[in-house]
């Protein structure tokens, strides 16, 4: 799961770009990162604050996007799309197989269609979608609250999921966007889907945890108020109950408060 998450993040990067790998990453993630460097997929250098600077190579972007054209000779010119009147559905048949590798179509009913998918693409999509059907050249996936939450729990962000869906869009969707034919402000990913994924991410941020210290056993109310005022100066009061003479102060200012109480 960790390896797939890293590959998923690489899929929306640009070759040669510098991306910061956080210092609080797990040892397993670091090992995977250096394994990718040995394979020639990334270049890793020391970063600030104990982090790592990651430079994706052309090979990594081509692999994660399932597009090997970047590793070979320049691609042949694409065929012109011959579109007949009132026959929009034929657009998906006007591309050669080499040009429709791992392209996605996102619909307003939360379905994601992956054309000419690979095993890697299915593994990545399974991080944040439910795979309903898998045909030889088409996979049908469904975006649900549970599936997106699963991806968010793996460390993904709503922005990253939307960037992946946009970067892997089917050429027809890109053509329609340029022509102004897509719905919802010419968006490749429907605006309702974008908003819902962001709302699902916000749901995970409803509760914020802060470490603190409980202060009690004050001798009188005046002592309690004195300590409370000092904690307010440092912005460290998380909670207080004047009647019970109880107070919770953030861990960051505990040392200053301890020195103040001793004085």
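We number each residue from 1, going along the chain as drawn.
Heads up, the Cβ atoms here are built off N, Cα and C, so glycines get one too.
Quick look at what TrEMBL annotates:
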type	residues	note
SIGNAL	1-18	signal peptide
REGION	69-93	region 'Disordered'
COMPBIAS	75-85	compositional bias 'Basic and acidic residues'
DOMAIN	195-262	domain 'Transcription factor Tfb2 C-terminal'
Problem set entry | Cβ contacts under 8 Å made by the signal peptide (1-18) with residues that lie 6+ beyond its boundaries | 26, 28-29, 32-33, 36, 41-42, 53-58, 60-61, 63-65, 70, 120, 123-124, 127, 154-156, 160, 163-164, 167-168
Exercise. What is the average pLDDT across the domain 'Transcription factor Tfb2 C-terminal' (195-262)?
Worked result: 89
